[in-house]
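According to Swiss-Prot:
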- GLU24: active site, proton donor (ACT_SITE)
- LYS157: active site, nucleophile (ACT_SITE)
- LYS84, VAL104, SER138, ALA139, ASP140: substrate binding site (BINDING)
- ASP136: Mn(2+) binding site (BINDING)
Amino acid sequence: MRPVQPAPEVAEALEGGRPVVALESTLISHGLPRPDNLRVARALEEAVRREGAVPATVGVVGGVARVGLGPEELELLASGEVPKLSARDLPAAAATGSSGATTVAATAHLAALCGIKLFATGGLGGVHRGARESWDVSADLAALSRAPVAVVCSGVKSILDVPATLEQLETLGVPVVGFRSRSFAGFYLTDSGCALDWSVEDEGEAAALIRALPGLGLGCGVVISNPLPPEEQLDPSLHERALRSGLEELARRGISGKEVTPFLLEHFRERTGGESLRANERLVVRNARLAARIARRLAAGR
């Protein structure tokens, strides 16, 4: 059995030059609570379809990397009983027949391997606060320096060190552009407070940028920052209070590594009365729609 298997619908779409959008599964397994996670996973696939593209949710089932999951496979990953798998974990999962949800790093790698050019997610991983001591930097960043995939996201998760993350992306040579904005998106917030050098004004410009990468000999991906509209963002003062208390609790409990992001996302959900969860859903659905529209323009060659 091949270690990477696109679903028949995905394989047919790629063979026919039709637009395909990859979706990660860590959002399902660790990013959202049950039963919202499965509902949002289905909503993302439906959002991609409504914009005229084929969704390819990525995950590992029984040691096989599936690019495009069926209903039972989605339910398995939504059960909360599977681990996160980054790109480095894929060989071990394949060798042991394990199942797991793919992070941005693993999803970008597998999408690129199959020839998928667009990938939608909520927020990237990045440089954690205090990384000078912990060296805790997400593998998502290095993966995007190697995988020629455009990732549509709402910046990086606002619990991270956003300026340091942008510096790291620059060091790695990964282009970062805003969609109709010269400010880097702040995940739950419209604006992270970090300026961008470049922006694209529509889906056509975004598609042209993606097409330009291989011709220029750049084998990397690109980050397309798609901010929430101001009226849809989390209240900034509420965000600040939740972040401050979450970081204090994190330090008190000594939580580190892979457990940091799920803990803080759950802390945000509790401290905001579920408002962060609703903002997360809004932003990831918007990103899926935008990625599908860009994929459609890319497939049309214009």
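Placed from the backbone N, Cα and C atoms, the Cβ positions cover glycine too.
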Cβ-Cβ neighbours of ALA139 (substrate binding site) (radius 10 Å): 17
Extent of the substrate binding site in Å [max Cα distance among LYS84, VAL104, SER138, ALA139, ASP140]: 13
Length of the line joining the Cα atoms of ALA139 (substrate binding site) and LYS157 (active site, nucleophile), in Å: 14
Non-site residues, in chain order, whose CB comes within 8 A of the mean position of the CB atoms of LYS84, VAL104, SER138, ALA139, ASP140 at substrate: SER86, THR103, ALA105, ALA106, LEU124, GLY125, LEU141, ALA143
Sparsest-packed among the recorded positions, when each Cβ's other Cβ atoms within 10 Å are tallied, from GLU24, ASP136, ASP140: ASP136
Largest tally of Cβ atoms lying within 10 Å of a Cβ, found at which of the recorded positions LYS84, LYS157: LYS157
For VAL104 (substrate binding site), nearby residues of its own chain (Cβ under 8 Å, 6 or more apart in sequence): GLU24, THR26, PHE119, THR121, LEU124, GLY125, SER138, ASP140, ALA143, LEU144, VAL151
Integer Cα-Cα distance in angstrom, LYS84 (substrate binding site) to ASP136 (Mn(2+) binding site): 16
